[in-house]
Amino acid sequence: MTQTLLLLPGDGIGPEVIEQAVRVAEKVAPDLALEEGLIGGISYDQLGTPLSDETLEKAKASSAVLLGAVGGPKWSDVARDKRPEAGLLNIRKGLDTYANLRPALCFSALADASALKRELVEGLDIMIVRELVGGVYFGQPKGIETLPDGTRRGFDNAEYTTPEIHRITRVAFDIAKGRGNYDRKWGGVCSVEKSNVMDSGLLWKEEVQAIYDAELKDMGVPLHHMLADACAMQLVREPKGFDVILADNLFGDILSDEASMLTGSIGMLPSASLSDAGKPGLYEPVHGSAPDIAGQGKANPFAAILSLEMALRWSLGRIEAADEVTRAVSTALEKGARTGDLGGDFTTAQMGDAVLAEL
Ligand code: NAD
Ligand code: IPM
Ligand code: MN
């Protein structure tokens, strides 16, 4: 059966980086059927909604979805439920991609591009497993209200249920088992929360432990618990002490941006968002639409190319093609391919050229 990859380039640098990922896809998986759709601000401009039913249906029917980025200052005055970011949240929810895998891998050629000393990050290979369709992002009620005395009050509700915590914990343990890095200081799974102040955080800690005791212990994967603020600190103090970090939606978002700087640049970090087996995965760079450099050919397309790599690996079962892409990116970096975020002056297209030359 033909596999289809739905491209949702989105806004800002999204289309620029997806264009390079498409060149790579056409080279390593020429039989893959590529389709295109709208999401984000461009969808709002053309259709009045950041995620149309048509795009969601197309996504559900595809083998995998490759998304660029959404958002930008142009839409800052649009109502929240019509903002580009709402399109992103709705497609994640609509596909039930609850497991967001955000690997932070420091390619050896980039060890000096990190904000941290080479010895702290060289060889770094950690995986953040972020719960993606629950928590404070989706909890109700949320809103902004004006009280009788004119005071404005904004509120969000951080909430988790046992099934939500159990399913993401199972994913984290499966991944940690496949990696086998148990000898690191916090090797195996390190679950983070704020159980010291948040009830949803306390439930998170208790239920991760409970499902571990009841179901996962025999896998032999160690489990650690850490407060999320301490994790933020240890990530820059001793990042190689971690293997798999299991986090809720909000902490996972913040910690993965932090982890990106260990690898050299946010322009390098891909992600995979997975649902249950057999359902399409959603693949996107961790970075946003970068309005400050959009349209200038300055964007680093490697996060998008590595997101394609993850799609080949996790949804399309094309492990050899995925390995080839990783090798090509690594070699391109060794030969000096660098956009501005990595301290070089390559254009987005030249970065694509550099990868294609190695395929
Ligand atoms: P951002 O990630 O877009 O940019 C942060 C900084 O990193 C900027 O200086 C930018 O130039 C740089 N940067 C990001 N990606 C880069 C790349 N590939 N190459 C080189 N430099 C890169 O974050 P932001 O500025 O906080 O957000 C901009 C918009 O993007 C907002 O509307 C935000 O909501 C949205 N956003 C979308 C996504 C997504 O679509 N997945 C993720 C994050 C932010
Ligand atoms: C990300 C982004 C999104 C998030 C925004 C744009 C909704 O920051 O993918 O990391 O917070 O999940
Ligand atoms: Mn983010």
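Using N, Cα and C of the backbone, Cβ positions are placed for all residues, glycine too.
Heads up, TrEMBL stuff is auto-annotated, nobody curated it.
If you look up TrEMBL, you'll see 72-85, 288-300 marked as NAD(+) binding site. Taking all protein chains in view, 18 other C-beta atoms sit within 10 angstroms of the C-beta of A294 (NAD(+) binding site).
Around the Cβ of R130 (substrate binding site), a 10 Å sphere holds 26 further Cβ atoms from the protein chains shown. Taken from TrEMBL, the feature substrate binding site applies to R92, R102, R130, D229.
DSSP assigns D253 (Mg(2+) binding site) to a helix in the three-state reduction. Positions annotated as Mg(2+) binding site by TrEMBL: D229, D253, D257.
For 4-355, the entry in TrEMBL reads domain 'Isopropylmalate dehydrogenase-like'. The average pLDDT the prediction assigns to the domain 'Isopropylmalate dehydrogenase-like' (4-355) is 97.
Annotation comment: TrEMBL describes Y137 (among others) as site 'Important for catalysis'. In the three-state DSSP reading, Y137 (site 'Important for catalysis') counts as helix. A C-beta separation below 8 Å, combined with a sequence spacing of at least six in one chain, links Y137 (site 'Important for catalysis') to L89, N249, L250.
For K194 (among others), the entry in TrEMBL reads site 'Important for catalysis'. In this view, K194 (site 'Important for catalysis') is surrounded by 18 other Cβ atoms within 10 Å of its Cβ, with every protein chain counted.
Rounded to the nearest whole angstrom, the C-alpha distance between A290 (NAD(+) binding site) and R130 (substrate binding site) is 22. Comparing R102 (substrate binding site) with A294 (NAD(+) binding site), their Cα atoms are 24 Å apart once rounded. Within the same chain, residues at least six positions away from R92 (substrate binding site) with a Cβ under 8 Å of its Cβ are L132, V133, S273, L282. Each residue contributes its Cα atom, and for S76 (NAD(+) binding site) and R130 (substrate binding site) those atoms are 26 Å apart. Ranked by Cα separation from P84 (NAD(+) binding site), the recorded positions K194, D253, D257 are led by D253.
Taking a C-beta cut-off of under 8 angstroms and a sequence separation of 6 or more, R80 (NAD(+) binding site) has the following same-chain neighbours: A86. Secondary structure from DSSP puts R102 (substrate binding site) in a beta strand.
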